[in-house]
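Have a look at the structure below before the remarks.
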């Protein structure tokens, strides 16, 4: 218990899990694998039928998984994610037919919906003063895992790449068992546990020092009352209180707004970028370098995410402007991918876009986590992700799904670029306004201090005279 109570041990184990869980060397070649001789599914079916199923399933799973994450205290859901990752690549390697690939999309929706457990687990078990560094390390581990997707198809068949990935994600599944179990649930507490927690918060640091038997009693009482009707009502009250606290600050609302808007656009680009690459340079007739590109942009993104833990910037003043500026860079990168006929220019645009997003989402996660309690952060993470996924589902339902417009891939990316342009303009305006107001306020305070100092000098001089 002493080892697992320090921040270094759970952070290290979770980083290892994040590395292996995201070291999916087959992922950059999913589209060529599906439309190639192994699965022999048409590009239209992949774009307008299979991928939308993942989006709709993800939305359906997200909120129930969020509640289960807290009810079961994070770790079991991380283990479930590892298990479904293994199932995902078993289906890809050994299950033929369109029906199996439809099941695959639902299976993968479970994997992505349980990411809330990966990102919120660490805040439930480490002290708040380590949030910034831990956030940077977790993002870096995840992105470093993406870096190891550089296996080239000219050297290895797609089926073998999927088999290698199956072995790697199996390691992640095993590592998940090493994670220490958080000592309490955030919302699903028994009545006695909730009373003890409330009393501890009122007592402050003195009450917080009381551990050992008190914590064990709280945990025992909490477990005994988990499934009671009163506990469900108490969980509902805690959720509502946390919701009001999470979105009571205008500053946090703007950070959350960017999170939801930008993530929706990012996931759409991420999901369909392989189809754009295949449109520019078909994989059936040329050598593709999808893996190397993912490795390059993940290295840059990992370096950016890692640097967040060591950057000293007053984000309350410059954060919103940074969101606008880097979103504008991402907008330019998307339009570069759309307008170019060179696969290398398209690759470069994707590297720039993904790196900007990873840098900003790390800052956003840290800013929100450092200003909220653990309960409020987890709820905010879930709500922001749900809003992002809802927006993504709307875009998919209108522009991608064959039952609606069913647009071609180029037109889709023009829409995504325009979407990001709107985000960048909104936050450039808001960021400029915030920076100017803060600067003016700072100047007024400085002027008042100077005036007080001059008045004090005049008084002293008069007394001396």
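Any Cβ shown, glycine's included, is placed from N, Cα and C.
Keep in mind that what you see is a predicted model, and the values were worked out from it rather than measured.
The transmembrane segment feature in TrEMBL is assigned to 53-71 (among others).
Remote same-chain partners of the transmembrane segment (83-104), defined as residues 6 or more beyond its termini with a Cβ less than 8 Å from a stretch Cβ, comprise 21, 24, 26, 33-34, 39, 41, 45, 50, 53, 110-111, 114, 159, 162-163, 165-166, 169-170, 172-173. Marked as transmembrane segment by TrEMBL: 83-104 (among others).
Here TrEMBL flags 158-179 (among others) as transmembrane segment.
Annotation source TrEMBL lists transmembrane segment at 252-273 (among others). Long-range neighbours of the transmembrane segment (252-273) within the same chain, counting only residues 6 or more positions beyond its ends whose Cβ lies under 8 Å from a Cβ of the stretch, are 47, 51, 54-55, 246, 319-320, 323, 327, 330, 334, 337, 350, 353-354, 357, 360-361, 364-365, 367-368, 371-372, 380, 383-385, 387-389, 391-392, 395-396, 400, 409, 412-413, 416, 419-420, 423, 427, 430.
What TrEMBL records for 288-309 (among others) is transmembrane segment.
Long-range Cβ contacts of the transmembrane segment (321-344) within its own chain (Cβ-Cβ under 8 Å, at least 6 residues beyond either end) map to 258, 262, 269, 273, 276-277, 280-281, 313, 315, 350, 352-353, 356-357, 359-360, 363-364, 410, 413-414, 416-417, 420-421, 423-432, 434-435. Feature annotation from TrEMBL assigns transmembrane segment to 321-344 (among others).
What TrEMBL lists as transmembrane segment is 350-369 (among others). If one looks beyond the transmembrane segment (350-369) by at least 6 residues along the same chain, the residues whose Cβ comes under 8 Å of a Cβ in the stretch are 119, 123, 131-132, 135-136, 139, 143, 252, 255-256, 258-259, 262-263, 266, 269-270, 273, 293, 296-298, 300-302, 304-305, 307-308, 315, 319, 322-323, 326-327, 329-330, 332-334, 336-337, 377, 380-381.
Among the features that TrEMBL reports, transmembrane segment is placed at 376-399 (among others).
Residues or ranges marked as transmembrane segment by TrEMBL: 405-429 (among others).
Counting residues 6+ beyond its ends, the transmembrane segment (158-179) has Cβ neighbours under 8 Å at 10, 13-14, 16-17, 19-21, 23-27, 29, 32-33, 36, 38, 75, 78-79, 81-83, 85-86, 88-90, 92-93, 121, 151 in the same chain.
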